[in-house]
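A.B. asks: Next up is a structure, given as structure tokens.
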């Protein structure tokens with residue numbers, strides 16, 4: 001499954017076949033930054049034993065300059081997936097290419113070169129406790145053999161960029177979680193990478209700090225034109241910053257597209273489940289849901305407003321059209337990918353005539369709806 | 001025996017103990033350090049994967065550590081003679097002390113390095129670090145407080161071991177205590193030796209703790 005992005009799909013033909021390894025700089029702007037082609041990863045394969053299949057036939061591209069989110073529950077394979085991009089894990093079969101270069105075909109030396117062009121941030125920050133914020137950011141440059149003066153010229157503006165200009169001499173133990181992740185981000189940017197990998201970077205942070213870290217990532221993406229690939233189990237994170245999203249479940253990508261489309265009309269069960277937690281339906285409501293109605297039940301419907309429908313007074317009309325009481329249970333208006341997006345969970349009688357009138361109204365107005373279930 | 005004579009004997013013995021402990025401790029630790037790093041990084045799927053070599057070295061280290069020190073001293077006399085030209089005296093005693101230090105320190109180094117969060121190794125790999133860079137810039141740097149504590153522990157154990165090398169004429173405080181305090185029935189000499197040893201161990205331990213704390217940035221308060 002490919003992200004529906006015209007630019008991302010227009011890969012030069014030689015990339016589809018067994019292209020020779022080209023220098024990283026020679027890529028064209030239209031080619032995707034990262035491409036997975038029929039990628040499979042198995043663990044613990046030995047002596048004919050099949051082992052555990054972590055990833056199963058992944059076809060997926062990450063568009064240049066975009067923020068792409070991969071969302072899935074824990075154990076879905078997303079950590080493995082992101083580690084294939086910088087070669088921390090090797091694919092069992094299939095091809096992973098970064099900027100046109102096949103990762104699996106690289107020598108140890110080539111792999112190290114690639115890793116200097118791909119920054120990575122981690123859930124638990126992984127900062128060296130024995131180094132100050134400044135020296136942590138300097139580490140990738142030291143590793144690349146950059147001289148002391150250049151390091152100083154590079155690190156100071158990076159610490160300013162992430163808002164820690166005054167914390168250069170502090171050790172990680174003196175910093176808060178959010179500040180540590182900012183150091184992590186500055187460190188990942190030190191070698192001026194073209195791709196940033198984010199491995200659950202906000203999962204260990206409180207909601208407010210998460211928000212500020214996401215803002216920072218968004219800003220970096222916009223200002224530096226850096227492609228970002230992030231994995232998360234939180235729909236909120238994807239909704240907040242990702243332009244594109246792929247949903248991964250048991251080692252397969254089950255749904256992919258622009259965040260807005262996936263959010264507005266989720267097709268796969270896993271996506272719906274992940275969305276349901278993001279929708280914050282009250283616990284008692286989620287637990288009481290039934291798949292089939294019985295007489296006298298009420299139907300629970302999620303109405304989604306976006307594009308044109310976002311600005312029309314449709315809820316009021318719905319009530320008068322139905323001729324039945326409509327109960328509003330949950331809802332809100334948010335912004336996804338810069339577009340307004342409203343969602344409203346309502347319930348009304350599941351009697352066939354009411355439901356029919358409602359469906360006619362939806363068809364007429366172009367309102368996007370999803371039946372969540374039935375309650376007594 | 002006059003207090004003067006006693007003092008002279010004590011200072012001479014202290015000098016010998018210090019000489020043996022410092023030289024054996026430094027040389028033994030320098031050799032033990034890379035062995036410990038190798039033991040901690042050569043398992044399956046680690047930085048320098050060589051599980052077979054790892055097991056062999058692990059076995060040798062265990063064998064050396066389970067040999068009683070006094071037996072080691074006697075058993076390696078030919079080797080000692082090869083290195084120092086003699087099998088008797090303080091210099092000759094340094095050889096078995098060094099040999100005993102190597103596996104002892106190596107195991108402590110291994111433990112210190114295994115304590116380091118594997119996430120740091122992954123982060124360094126993701127930066128494009130070579131295995132050697134990971135050893136020097138991440139593992140040894142992060143393990144510094146634990147390595148300092150390991151060195152302190154090694155030095156303190158060496159002070160204990162050095163008491164046994166009187167058997168090959170190594171001299172030192174332990175030897176003084178046995179020959180004068182025990183064999184010549186001088187309890188005051190025995191007491192003096194024990195007091196000096198206690199003070200020496202205290203000093204080494206305090207200095208080691210101080211350095212380890214200085215290296216440790218993990219629990220700094222503002």
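The backbone N, Cα and C atoms fix where each Cβ goes, and this holds for glycine too.
Note that the coordinates shown come from a computational prediction; the quantities given were computed from them, not determined experimentally.
Annotations per TrEMBL:
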- B:14-208: domain 'ABC transmembrane type-1' (DOMAIN)
- B:20-40: transmembrane segment (TRANSMEM)
- B:52-76: transmembrane segment (TRANSMEM)
- B:88-106: transmembrane segment (TRANSMEM)
- B:146-169: transmembrane segment (TRANSMEM)
- B:189-212: transmembrane segment (TRANSMEM)
A.B. asks: Okay, the transmembrane segment (B:20-40) and the transmembrane segment (B:88-106): do they have at least three CB pairs under 8 Å, pairs separated by 6 or more?
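C.D. replies: In this chain the transmembrane segment (B:88-106) contacts the transmembrane segment (B:20-40) - 3 or more Cβ pairs sit under 8 Å.
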A.B. asks: Can you tell me which parts of the same chain pack against the transmembrane segment (B:189-212), counting only residues 6+ beyond its ends and a CB-CB cutoff under 8 A?
C.D. replies: 1, 6, 9-10, 13-14, 17, 145-146, 148-149, 151-153, 155-156, 159, 163, 173-174, 176-177, 180-182
A.B. asks: Short question: which residues 6 or more past the ends of the transmembrane segment (B:146-169) have a Cβ under 8 Å from it?
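C.D. replies: Contacts with the transmembrane segment (B:146-169): 17, 20-21, 24-25, 28-29, 33, 69-70, 73-74, 77, 80, 87-89, 92-93, 96-97, 100-101, 104-105, 108-109, 111-112, 115, 140, 175, 177-179, 197, 200-201, 204-205, 207-209, 211-212, 215.
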A.B. asks: Six or more residues out from either end of the transmembrane segment (B:20-40), which same-chain residues have a Cβ under 8 Å from its Cβ atoms?
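C.D. replies: Here the qualifying positions are 46, 48, 54, 57-58, 61, 90, 93-94, 97-110, 112-114, 135, 139-140, 147, 151, 154-155, 158-159, 162, 165, 170, 172.
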